[in-house]
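Here is the structure we will look at.
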Amino acid sequence: MDLEAKVKKMGLGHEQGFGAPCLKCKEKCEGFELHFWRKICRNCKCGQEEHDVLLSNEEDRKVGKLFEDTKYTTLIAKLKSDGIPMYKRNVMILTNPVAAKKNISINTVTYEWAPPVQNQALARQYMQMLPKEKQPVAGSEGAQYRKKQLAKQLPAHDQDPSKCHELSPKEVKEMEQFVKKYKSEALGVGDVKLPREMNAQGPNRMCIPGGDRSTTSAVGAMEDKSAEHKTTQYSCYCCKLSMKEGDPAIYAERAGYDKLWHPACFVCSTCHELLVDMIYFWKNDKLYCGRHYCDSEKPRCAGCDELIFSNEYTQAENQNWHLKHFCCFDCDNILAGEIYVMVNDKPVCKPCYVKNHAVVCQGCHNAIDPEVQRVTYNNFSWHASTECFLCSCCSKCLIGQKFMPVEGMVFCSVECKKMMS
């Protein structure tokens with residue numbers, strides 16, 4: 001790819017979602033504007049997933065690329081125009097008759113994703129076993145949750161070097177090898193089955209979602225109400241409770257045929273969020289989402305959110321950073337050798353701290369320098385000096401003395417307090 005094409009691609013990436021409102025900050029954010037190298041909005045500092053950005057095609061491309069060159073090619077399709085793999089997510093539309101006074105109307109519910117099984121009754125019951133706020137019904141809180149988890153759990157920059165910032169040729173090669181390795185050793189997609197079906201599942205049968213799907217014989221089991229409350233020989237690998245015979249369970253091939261999960265228990269062992277679209281990574285007998293699997297293998301830069309493939313990086317405040325990304329969160333000035341203050345787990349240089357974050361002294365009404373001693377009570381602060389921490393009535397210095405606080409004022413005695421009331 002020549003320089004002009006690279007610049008154009010970079011520009012398109014930064015134009016994506018431009019101006020989209022922030023769902024978290026509301027009117028406080030002027031609209032989404034991607035930071036040059038951080039994966040956040042320049043205006044409000046929230047991530048792209050917190051903004052109302054339409055990303056359906058982009059997310060399908062990302063997941064499609066993840067499944068490329070794996071056994072899960074049945075879940076992708078390549079566009080004839082550019083050959084880019086696209087994720088063929090299973091969309092489920094349910095129609096429910098609703099009785100009205102004069103006639104019957106039809107209520108349609110669209111799930112933006114559903115497990116790719118032929119038996120729709122099984123897929124429907126799977127959805128009902130998820131918390132309502134996490135069911136991906138189009139236009140709902142659950143659909144927004146799925147969108148957010150797709151961005152959080154499966155970052156494009158964890159699999160595609162072109163989505164990363166200024167990797168060297170050596171780093172690109174190392175990343176490609178890393179991605180190839182986790183695709184072959186850890187990546188998997190859960191499959192929905194009835195526990196009774198596992199008896200017929202042998203170790204020589206591979207179950208690929210979208211390929212070997214549940215058969216229509218499962219319909220009878222779904223409709224057998226007497227079976228719904230019977231327990232089985234299987235227990236959930238997560239919560240350890242028994243599986244009910246008529247309830248769907250999730251099976252993960254890499255975990256083995258002896259492990260099953262309740263739909264709501266198929267979660268990442270680190271963040272404990274539902275594994276989006278049942279996409280998992282298996283390591284040391286644990287389920288991980290893509291992000292936390294990669295975190296267990298490589299250091300991640302707290303500045304740009306990318307995995308670090310360089311041998312040289314810095315560690316500060318129990319986090320890892322590319323050398324060039326240990327910068328002030330407000331102004332982006334490099335902090336190596338400089339005084340900084342951590343604000344919400346983000347490093348901020350001294351000038352920006354004083355300007356944007358420092359508490360104001362109740363005595364002199366000036367910002368309190370981060371290196372200066374202070375006195376704090378509830379939400380109020382004072383310079384720990386004879387000029388500032390004084391009785392609000394008689395101006396007696398209160399350092400080392402007992403005092404009586406009243407909102408933003410302090411008093412040395414009951415008498416002084418009464419005089420000011």
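Placed from the backbone N, Cα and C atoms, the Cβ positions cover glycine too.
Feature annotations, reproduced from Swiss-Prot:
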- 92-199: domain 'PET' (DOMAIN)
- 133-164: region 'Disordered' (REGION)
- 155-164: compositional bias 'Basic and acidic residues' (COMPBIAS)
- 234-297: domain 'LIM zinc-binding 1' (DOMAIN)
- 299-359: domain 'LIM zinc-binding 2' (DOMAIN)
- 362-421: domain 'LIM zinc-binding 3' (DOMAIN)
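Secondary structure counts, DSSP: the region 'Disordered' (133-164) has 21 helix, 1 strand, 10 coil. For the domain 'LIM zinc-binding 1' (234-297), DSSP puts the residue distribution at 17 helix, 21 strand, 26 coil. In the domain 'LIM zinc-binding 2' (299-359), the DSSP tally of helix, strand and coil residues is 11 helix, 19 strand, 31 coil.
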